[in-house]
Amino acid sequence: MTDIVYDKDADLSLIQGRKVAVIGYGSQGHAHALNLRDSGVEVVIGLKEGSTSRAKAEEQGFTVKTPSDASAWADVIVILAPDQHQRGLYADSVRDNLTEGKTLVFAHGFNIRFGYIEAPEGVDVVLVAPKGPGHTVRREFEAGRGVPVIVAVEVDASGKAWDLAWSYAKGIGGLRAGGIRTTFTEETETDLFGEQAVLCGGTSQLVQYGFETLMEAGYQPQIAYFEVLHELKLIVDLMWEGGIAKQRWSISDTAEYGDYVSGPRVISPDVKENMKAVLADIQSGAFADRFIKDQDAGAPEFLELRKKGEEHPIESTGRELRKLFAWNKADDDYTDGSVAR
């Protein structure tokens, strides 16, 4: 059975004795920085000139430096920019400021796993990945709880990288819930697979096909939306609370029987074979290569696919129906129906 690491197993003073630069102040960046500071760690924020996040970081009491200056100042550099921007950020601002004894921290292993970033000799490279979005990481920390983390070490030049990684994980509150040891390869490949095959790609396509099937059969779009998208949250919440078993325990006998007899007709064995092909593309680096090449070219495929998704009729139906939901409160910085960030 996997060993779980908790607060009692890690020495917080290790990260408290280091100067930490958090590069990026988005979802994960703000949570890591605030939690570390509340844990007694000296933190500065690294942001490019003109960054829209600068005002927020300064309002929350942080010193903001350029990524280059922050990296030169720090002992521990935490790179929390989007995957596609990390390579350029590292080359332009971080690499030349890395000296023996410093540590690079990532929350996702993409750029290390696929070779887009290579640290110089003498630098530790670690992964501390909370299994939740940044606002949840921060909220749980403030409540005296934590979000579970997975932790890995790619390069242990100092011989003490694991100890510092666990200390960092404790500093952001992750070991209150528990930490699991992994590798950069395992974290990256399973994370991408989960996103593509199940959580994002698989679920989005399943919902769209369900909506289209009901619409093509003559049912009202509003009813179709409720049945294949709106109620999905109710089912996922049950699965989150107690697994598939609790979800099946909570629904009617009719729904449970339909689950058993019709689920395999929709998600048939060939779907599993397709999943294996998706995983193979991830493992071989084919997906990463396709993504980065598209991003380097200005993201034409990415933007075309995003636009196509936004134009699906389920989106216009949803925008109208969500106006009826008194309990629905959108994020302040989100425009309903838009994927663009």
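Glycine is treated like the rest: Cβ placed from N, Cα and C.
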Swiss-Prot annotation, NADP(+) site containing Tyr25, Gly26, Ser27, Gln28, Lys48, Ser51, Ser53, Asp83, Gln84, His85, Gln86 - matching residue among Gly115, Gly122, Gly132, Gly134:
Gly134
Distance between Lys48 (NADP(+) binding site) and Glu227 (Mg(2+) 2 binding site) at the Cα atoms, whole Å?
45
Within the domain 'KARI C-terminal knotted' (183-328), how many residues are helix, strand or coil going by DSSP?
123 helix, 0 strand, 23 coil
Considering the binding-site residues Asp191, Glu195, Glu227, Glu231, which residue's Cβ sits among the greatest number of other Cβ atoms within 10 Å?
Asp191
I'd like the Cβ neighbour count for Gln86 (NADP(+) binding site), meaning other Cβ atoms within 10 Å of its Cβ, all protein chains included.
22
Between the Cα atoms of Ser252 (substrate binding site) and Asp191 (Mg(2+) 1 binding site), what distance do you get, rounded to the nearest Å?
33
How many other Cβ atoms sit within 10 Å of the Cβ of Ser27 (NADP(+) binding site)?
16
To see if you understand the setup: which same-chain residues, six or more apart in sequence, place their Cβ under 8 Å from that of Tyr25 (NADP(+) binding site)?
Ala33, Ile45, Leu47, Ser51, Ser53, Arg54, Lys56, Ala57
